[in-house]
Amino acid sequence: MHAFLKKLSFEWLNANILGVLPIFLATNLAALTVWQLDISEHTMALVLGIIAGGLSDLDNRLSGRLKNLFFSLIAFGVSALSAQLALSYGWLFIPLITAITFIVIMLGAIGPRYSTIAFSTLLVAVYTTLTYTPHSSWYSNPILIVAGALLYGVVAVLVYLCFPNRTMQENIAHYFDTLGHYLQLKSDFFDPDDTESLPTKQFALAKANIDVMNAFDKARVSLFYRLRNQHRNSRTQKMLRYYFTGQDIWERASSSYSQYADLFQALQNTDLIFRFQRLLELQAIACQQIAHSLRYGENYQHNERGERVLNGLSQSLHFYQQKGIAHFHKLQSIAENLRHIEGQLMQLAQDKPLAENGKKLPKTTRLIGENVSNFRNIVQAIRSQCHFGSQLFRHAVRLSIVVFVCSCLVEFFQIELGYWILLTAILVCQPNYSATKKRLVQRVVGTVLGVIVGLSFRYLSPTLEAQLGLLVASSSLFFLFRTNNYSFSTFFITIQVLISFDIVGLDPDGAMLPRIFDTSLGAGIAWLAVSYLWPDWQYVHLHQSVQQTLRASATYLLHIIAQLQFGYRDQFSYRVARRAAQNAVASLGVTVSNMLGEPKKYRQTLSLAPTLLGLNYTLMSYISALGAYRTESQQLNHQPDFAAIFFQQGKQVAKLLEQMSDGKTCSEQAIATVDQQLHQLEQETSLNEQSLLLLQQLRLIVQLLPQLWGFVKQPDLQKNPQI
């Protein structure tokens with residue numbers, strides 16, 4: 001019986017099904033109520049309330065879910081009631097919905113959780129327009145929408161109580177999946193027959209780094225809201241261990257100890273490069289197996305083949321050391337890094353309490369929150385975004401204008417059910433051009449197909465029971481595809497709306513062409529807005545993104561130098577600095593990606609962008625490699641002469657990075673002086689192997705600085721907002 005329940009829980013009720021289960025159960029209960037009480041005229045408002053509740057659903061612990069539900073219901077009630085009363089006075093709705101739009105978008109400055117609930121509140125106001133009829137009572141639609149949201153909230157809480165940790169486990173599993181993909185791409189570097197495509201591989205690795213960063217953030221947020229509870233159960237403790245282990249593996253995996261072209265030339269006729277590649281491939285597979293074990297509630301079993309390959313690599317390294325191979329110390333560093341990753345993977349397989357397996361969590365398990373707290377900080381966060389240099393502010397003003405124009409069109413021409421134009425424009429209009437363009441195509445295609453398929457059901461003459469069944473299915477499928485295929489989700493929500501029209505007594509045949517027209521018009525207005533109203537290409541500066549990356553990298557390097565000098569502590573401030581640097585590199589990649597999606601007539605030459613991204617990513621990998629040696633601080637302090645020069649020059653390198661980020665003159669002479677000091681120190685024969693490796697790693701960072709400064713100081717890069 002236990003085996004059957006486990007199979008039911010983890011195989012049949014996987015993460016995708018569990019995500020849809022609350023909406024499936026809630027719409028079934030609503031359909032049953034409508035059928036039993038014969039209140040089909042209220043179906044649309046009730047179901048739209050359920051959908052609004054689903055869109056505002058956030059992963060949290062029980063008390064957090066109840067609090068979110070409470071505030072969501074209040075916000076939905078106020079929004080629906082305000083819209084209902086304003087619609088009774090016609091033009092009064094226009095300033096109301098415009099003001100709500102601006103406020104809702106600006107709340108995104110506080111954090112994504114506030115933004116999610118706020119945007120759902122905006123959708124509730126628009127949903128109210130779709131269900132509004134002049135002869136209906138002023139309170140019926142608001143009550144039904146809030147009732148639908150409450151029904152969803154109660155069902156979602158019950159599902160959470162049955163599976164309290166599944167979302168958290170899925171997020172950690174997805175984190176290890178992306179980490180496995182990253183390691184697989186990293187292994188592609190160790191291909192001696194494909195050295196010419198190294199820049200392309202580095203660009204692909206930088207994009208994979210963005211995926212890891214996003215997955216890392218989702219996992220962190222899941223843990224954060226569960227760790228706010230003073231009582232931590234064993235499952236949460238285990239997931240916390242997986243989280244920190246994955247973070248350590250990521251730092252090691254993103255490390256780089258050499259220019260790959262030079263390294264491959266030295267390894268061209270050896271078996272070492274293939275051994276490095278094979279070990280990375282096995283570790284990538286191990287990360288994917290960890291993800292699989294988390295998804296299916298199994299204990300992770302580590303493959304001993306990785307340890308055998310690692311031993312073979314060590315023996316081969318020893319053999320080539322006797323032969324006097326070049327770059328041996330760098331090869332040894334790569335091998336030690338891979339050995340550390342292998343050790344981390346092995347300890348996850350032990351699945352014992354922390355005290356038994358000897359694996360200690362960081363001295364602080366404090367995680368970074370995602371929302372701003374305290375009223376004063378909230379006001380300050382919103383105020384800091386109130387300028388056109390802020391993408392959030394531009395999006396808020398732009399979308400408010402879009403909402404105003406759409407609402408005026410509907411009221412002026414008295415378009416029946418014309419607020420579908422407004423709904424389409426709100427959902428299509430995204431903060432940047434490339435995302436809006438993608439949404440536009442998906443929305444139009446999904447709507448056209450949805451209208452055709454939805455109306456074809458009319459020829460089957462379905463009964464009320466069949467219509468309610470189709471309503472449940474289309475609503476559930478909308479949520480299933482909502483995050484991974486917008487065309488499919490639009491297709492199913494269009495079918496759902498047309499079936500709702502039929503159930504409540506509206507003429508769906510007459511709604512066919514108007515829905516296609518409204519969708520096209522709303523999408524077109526959204527496209528015009530992002531193309532001509534404060535478009536990103538007038539404000540996005542690649543130069544500024546590079547400066548932010550350099551500033552974050554300098555702070556990260558300073559934290560590493562401090563820990564090497566004063567002792568290893570995996571403290572909160574260090575992890576904040578590391579995450580900020582990783583986020584900065586990821587943001588630079590997103591900026592480049594968005595710029596590549598802009599209109600060709602506005603897009604300036606982007607030939608520098610991939611090179612800049614590659615340089616900043618290489619800088620990050622060199623700094624991460626230096627951070628991997630934080631545990632060796634005691635050995636360094638036993639060599640006072642070396643330590644004095646090394647720490648001084650390390651801080652000087654961080655200072656040079658800060659000067660670049662501030663746009664101050666960073667003389668090539670100053671860079672050359674630091675490199676010369678480190679070179680002289682490297683020539684000393686008294687240095688041990690560990691000190692020599694640290695020194696060479698710092699020199700790799702220094703040797704990147706002239707290239708970085710060469711790009712930063714270019715007049716075109718500074719003047720042209722696109723470059």
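Backbone N, Cα and C atoms are what each Cβ position is placed from, and that goes for glycine too.
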Ranges 117-135, 554-572, 573-591: which does TrEMBL label transmembrane segment?
117-135
According to TrEMBL, which of these ranges is transmembrane segment: 39-56, 201-218, 687-704?
39-56
Do at least three CB pairs under 8 A connect the transmembrane segment (12-33) and the transmembrane segment (464-481), leaving out pairs fewer than 6 apart in sequence?
yes
Which sequence-distant residues neighbour the transmembrane segment (12-33)? Criterion: at least 6 residues beyond either end, Cβ under 8 Å.
39, 43, 46-47, 50-51, 53-54, 57, 148, 151-152, 155-156, 159, 163, 166-167, 170, 295, 468-469, 471-472, 475-476, 479-480
Grab the same-chain neighbours of the transmembrane segment (487-504) for me: Cβ-Cβ under 8 Å, and only residues 6 or more beyond its ends, written as numbers and ranges.
34, 40-44, 47, 51, 130, 442-443, 445-447, 449-451, 453-455, 457-458, 464, 467-468, 470-471, 474-475, 477-479, 481, 511, 515
